[in-house]
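K.L.:
Supplied in structure tokens, the structure appears directly below.
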Amino acid sequence: MNLIELYIQEVTRRLPEKSRKDIGLELQSTIEDMLPEDCTDEDVKVVLKKLGNPAVLASGYRDRPQYLIGPEIYDIYISLLKMVLPIAITISIIALVAETVMGYSGNESVMQAILAVIGVGIWDAISIGMQVFFWITLVFAVLERTDTAIAQYSMTTRQKEWKPEDLKDIPYVPKKKAITKWEVSGSVVWTAIWGSLYYYASNLVGVYRSGDNGLELTTPIFNEQVLHSFWPLVVIAILLELLLAISKFRSGKWTMRLAVFNLITQLIAFVILIIIFTNNEIFATSFMDLLSMGSAGQKQLIGAVIAIFGLSAAIDAFSGFRKARI
Amino acid sequence: MTLLQSLTTELRRGTLTLAVLSQLRKPQYGYSLVQSLEASGISIDQSTLYPLLRRLEKQELVTSSWDTSESRPRKYYVLSEYGTEIFLQLKKEWKKTSDELSILLQGEEEDESD
């Protein structure tokens, strides 16, 4: 093999199959054009040096993007990462704490257990973070390469020519009316927290006593079977809260429609809470014994819980309407 | 690469397409194109030129054909009808830009001599 053929091979092997032959032939004739009649190896080297690094030449021929995620979707990619990462990490940490409490055998001190949770927790958070990062990046990289209409969906660039009149269509958002990203992320994280607490209630929610081995969950508050029989209602509440968070995020400010949606969500959540808490068997008997209250006392306690929840729901719903009216 | 070098490269990059299109009113093959550009003092990185020709072909500004009648087969490029149209418009744009710029730079020279 002479130098010229090797050079052409170095270029074409980096190119798509279908254009290899044509580009190879063209290169061959170009190189021969550049050489004098009776050429020596030195002449060939001079010519090849002029053409430069075969990898650079080949990259010039490629029209595939040489980046993973382009500027059109970069903004959406980053904001999605920022939203999903903390939520995923929160859920993984709650799950870890629940599992640790559940599997706590009492053979180690509480301090050891806590240190173990912190150690494993950091590791879990990192690996969950990597997973989320990997999959979101993969999806966006595929989108970048497949979606030819991406520029049209682009949220950062406008396809139409911009006019100063366009400013009129952008609503002015007063600060008091605005919904911050923190608020939205906060509410999603809160949903994740109570959802996980519901799932792991029998291992996490209860009365803790310091026993021989430190803090132990002695009396769970809820009757797990009964609590978990309400799962369809809980799923509805979670979905509604997530939907509300998405609407808040997209709107960016309080509107009447959003306030109504918020009111409906709060109402439904309140009704679900009442249904669950007024169930006769919802509380574990051991917990009730511990409280040693009469049935009247129990009813008062449940009534108080419902009232507190109702009040906070009412305040939330009302403030939505108040902000929408500004 | 120094800042001056990269700014110069950037400045030239935009004019490269125009320079190449201007030489393709009659059919040319790769190396003859390099020579005619160099004859007018434009030195072009060859690893940029050949990919550029293919891109122009993909954009339907030039058409290509293999000439196998001579001792060595050569790929000839020539402006298409659409390419000619675009070239003439680009040329007009360039003239306008260069006139405007020379007025600007002249004014600056006068300031300097004051």
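Placement of Cβ uses the backbone N, Cα and C atoms for every residue, glycine included.
According to TrEMBL, the feature transmembrane segment maps to A:76-98, A:110-143, A:184-201, A:229-246, A:258-280, A:300-321.
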K.L.:
Can you work out whether the transmembrane segment (A:76-98) touches the transmembrane segment (A:184-201), with the criterion being 3+ CB pairs under 8 Å where the paired residues are 6 or more apart along the chain?
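P.N.:
Yes; at least 3 Cβ pairs under 8 Å.
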K.L.:
Report yes or no: does the transmembrane segment (A:184-201) come within contact of the transmembrane segment (A:110-143), defined as 3 or more CB pairs under 8 Å with a sequence separation of 6 or more?
P.N.:
no
K.L.:
Using a Cβ cut-off under 8 Å, which residues of the same chain at least 6 positions beyond either end of the transmembrane segment (A:300-321) come close to it?
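P.N.:
Same-chain residues near the transmembrane segment (A:300-321) but 6 or more away: 254, 256, 258-259, 262-263, 266-267, 269-270, 273-274, 277-278, 291, 293.
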